[in-house]
Amino acid sequence: MSASKGLHPEAAIGPIAVPAATPAWRRGLYLLVGIAVALAPLVLLESFHLFQLTMAVIMALAVLGLNIVCGYNGQISLGHGAFFAVGAYATAILMSHFDWSFWATLPVSAVVCGVIGYGIGFPALRLAGHYLALTTFSLAVAVPQILKHKSIEDWTGGVQGLFLVKPDPPAGLPLSPDQWMYVVTLIVAGACFLLAWNLIRSRIGRALIATRDNPTAAEAMGMDIASLKTRAFAVSAMITGIAGSLSAVAIEFVAPDSFSIFVSITLFVGMVVGGVASILGSLFGGLFVLFVPNIAEAISKAAPGVIYGVILILFLFLLPDGFAGLLRRIGQRLRIRP
Amino acid sequence: MPALLEVKGLKAGYGPTHVLHGLDFRVNEGGVTALLGANGAGKTTTLRAICGMVRTEGAIDFLGQTLQGRATEDIVRRGIAHVPDGRGTFMELTVEENFRLGAYTRRDREIQADFDRLCGWFPRLKQRWRQQAGTLSGGEQQMLAIARALLLRPKLLLLDEPSFGLAPLIVQEIFGIMRRIRAESGVGILLVEQNANLALELADLAYLLETGSIVMSGIAAEIREDEAIRRSYLGY
Amino acid sequence: MDGLAHQIVAGIATGGIYASVALAIVMIYQATHHVNFAQGEMATLSTFIAWSMIQAGMPYWVAFFGTIVVSFAIGVVVERILIRPVANAPVLTMVGVFIGLLLIIGNATGWIFGYTTKVFPSPFASDKPLFGGLVSAHELGSTLVTLTVLVLVWAFFRFTRLGLAMRAAAYNPRSARLVGIRVGWMLALGWGLAAAIGAVAGMMVAPVVFLDPTMMLGILLYAFAGALMGGIDNPAGAVLGGFSVGVLENLAGAYVVGTELKLTVALAIIIGVLVVRPSGLFGRVVLSRV
């Protein structure tokens, strides 16, 4: 083991490789630069583009949720749009019917989605690979219909949906609601990415990956696979649900037809293109699914779908570890050269 | 006697690891060659290599033409029938359908006659004609596998441990059939066997494999008589 | 009472459509152990091709058989180009390729033919109610067409040399090669056949649900439900499952949940079957002795 480590450091440590500890002051510097880069759009972009960037970060967060259960734990979900919808509706209902503040709805939305995710995680345990994909796909197809149903119309607003208003920036901050929304999104998404980062690098994260790669061996080593998988589903649903909450206030509107199967498919495409089982990849995925369709829509209404499909297949054929994997390889090559 | 199959410097393996390290052997026309050796010596891999089921290096000539680099189905269509380990029976299909698949590549009019002839050789298969092959006993499945292979009208028959896991009486019956094949059909046989005594009795040439190399070869009858070889290599 | 009888008959008619699509899915599943999520989109594309042929002035049945041939070719080409290269890839990759296929075919259909809903003709005079209003001519005709297709497919697999070879290649590709079957081509043929069956289903359902690029999405869900109900590796079971789901859906729609939750019924059936009896109600038990 130690001999092989000496020969092939990357190969032996694999995807959970931790670079040699960076000194504290450099980490602090990276963090500052990161925050500066993240906040720069506040001054650089006007309202519409800032809104788009906000949505990109939200999509990245939703992709991150999917990546935890799908990428890291290997449970294929084609229905994460359902959690996105539940989160969005939880926030919308609480805000428009009960006048809750946005911040107060976040924990509720997280808990509701977490519980539903946990609940879905149980039948999912019995469904290997395709069966789970098929079931979650069916769930995603059925979502708009369920949201439209008469029995919950008083709550959901039926086909018309619900309107809501962006949270006001705190008094004293010289920010417009759009700018504040961007900051809110950054804070929430930042917290979730940090949570996911720590989770994946922890003992639990390694266990998730082990259960994906070799369930039999993981079980033989005493891991409780059932509990791991259901908890992964819960955390994953929670994160995607929070992204849904953010999207509801950012767009200031929810309606059943915004949550068709294509939300789920979009998240899946984002995950593959960004990088399966990569936290950074989720970020690329979010940027991709927001901006590529915008560019493609200039060609035709149908073009984004076709281009999505083509890019998805190209990535699967040529870059199966996505954008993040490509960057990682470029980085490695650069490091070897000097 | 002219060579039906001539193998020179055969190397093969799975992924980067080599299992065979350069084998030379031959099967004569109408002859029986036995490939002997312990578990893991590379016998099964040798048969797979001939059929193009693993990556190979070296020369494999069949009737003077190379098989190197050809797809399994093309090799089969040239007249090599393989009864693999695990027998290659279609468990979900009936005995009749397995027979029909055996003759899949043939277009001639003698298929039905061959069915009848083989049913005469294996009367028990005739009784189970419409049963799912998965319900047959181990011995019956082995018979079905051999019948299926012969229905191809092969020039060369590759047999991977036909006695494996079978009761001694059934083994006797199967080797009886193989003697009949040798005597009546002129098909060459490459036989992989752990039961060296039986194999040497049937074979004219024999090769002994150890960890991917041939350590001993010669006329089967002579090896059978050589007490030293028997003791040190064949263990009986 | 008449109402109930009509609901059941109408259920059988739509059930035939579900059964056909379910059969297409099961055929591909049996051969490759993958679920073709794009099966519905492929059928929609086929139906649009038929629509264009009819628009161009072809007689209905010429367009019908022409579409079957074209769809078969599309199925073969898709298998050769997109599915073959990833045949041994992990499940996630395969699912991704199917989703990519769904996106490409679905949106290309919209791109080429537009998103407006179109009327698709039925070859069966549809204004005359038959048997005292129990069944419409189209329901009867489309049921007969689907039954004919199912019987033809069954006979093909049961009695022909090629059908036997395709079954052998699906069950046991390694052994199939050893009897000289070109397994790769058998898979491509299976895709072609599945696409052709889907095309018939699309052409039979389009007069009822009207033709638009998302026409088959709900039907695909019901076909999944039917396939799972029958056991996803059992063609006969899938056909039975398809018919059962059709009847169940119609009865549930008429008497229990109303038409707004039809898709949810399909979802409930899928989850119910998978949780209670994952091998399906008619799941085949393979007998084997060592």
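For all residues, glycine too, the Cβ spot is worked out from N, Cα and C.
Here is what TrEMBL records for this protein:
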- A:28-44: transmembrane segment (TRANSMEM)
- A:50-69: transmembrane segment (TRANSMEM)
- A:76-94: transmembrane segment (TRANSMEM)
- A:100-120: transmembrane segment (TRANSMEM)
- A:127-147: transmembrane segment (TRANSMEM)
- A:180-200: transmembrane segment (TRANSMEM)
- A:232-255: transmembrane segment (TRANSMEM)
- A:261-290: transmembrane segment (TRANSMEM)
- A:302-319: transmembrane segment (TRANSMEM)
Can you tell me which parts of the same chain pack against the transmembrane segment (A:127-147), counting only residues 6+ beyond its ends and a CB-CB cutoff under 8 A?
75-82, 85, 89, 120, 156, 256-257, 259-261, 263-265
Residues from the same chain, set at least six apart from the ends of the transmembrane segment (A:100-120), whose C-beta lies under 8 A from its own:
83, 86-87, 90-91, 94, 136, 139, 167, 184, 188, 230-231, 233-238, 240-242, 244-245, 249
Under 8 Å for C-beta pairs, could you tell me which stretch among A:28-44, A:50-69, A:232-255, A:261-290, A:302-319 has the largest tally with the transmembrane segment (A:76-94)?
A:232-255
Out of A:50-69, A:180-200, A:232-255, A:261-290, what stretch is closest in contact terms to the transmembrane segment (A:28-44), meaning most Cβ pairs under 8 angstroms?
A:180-200
What stretch in A:180-200, A:232-255, A:261-290 has the biggest tally of Cβ pairs under 8 Å against the transmembrane segment (A:50-69)?
A:261-290
Residues of the same chain, at least six outside the transmembrane segment (A:232-255), with any C-beta under 8 angstroms of its C-beta?
51, 54-55, 58-59, 61-62, 64-70, 72-73, 75, 77, 80, 83-92, 95, 102, 105-106, 109-118, 120-121, 124, 157, 159-167, 181, 184-185, 188-189, 192, 195-196, 199, 208, 267
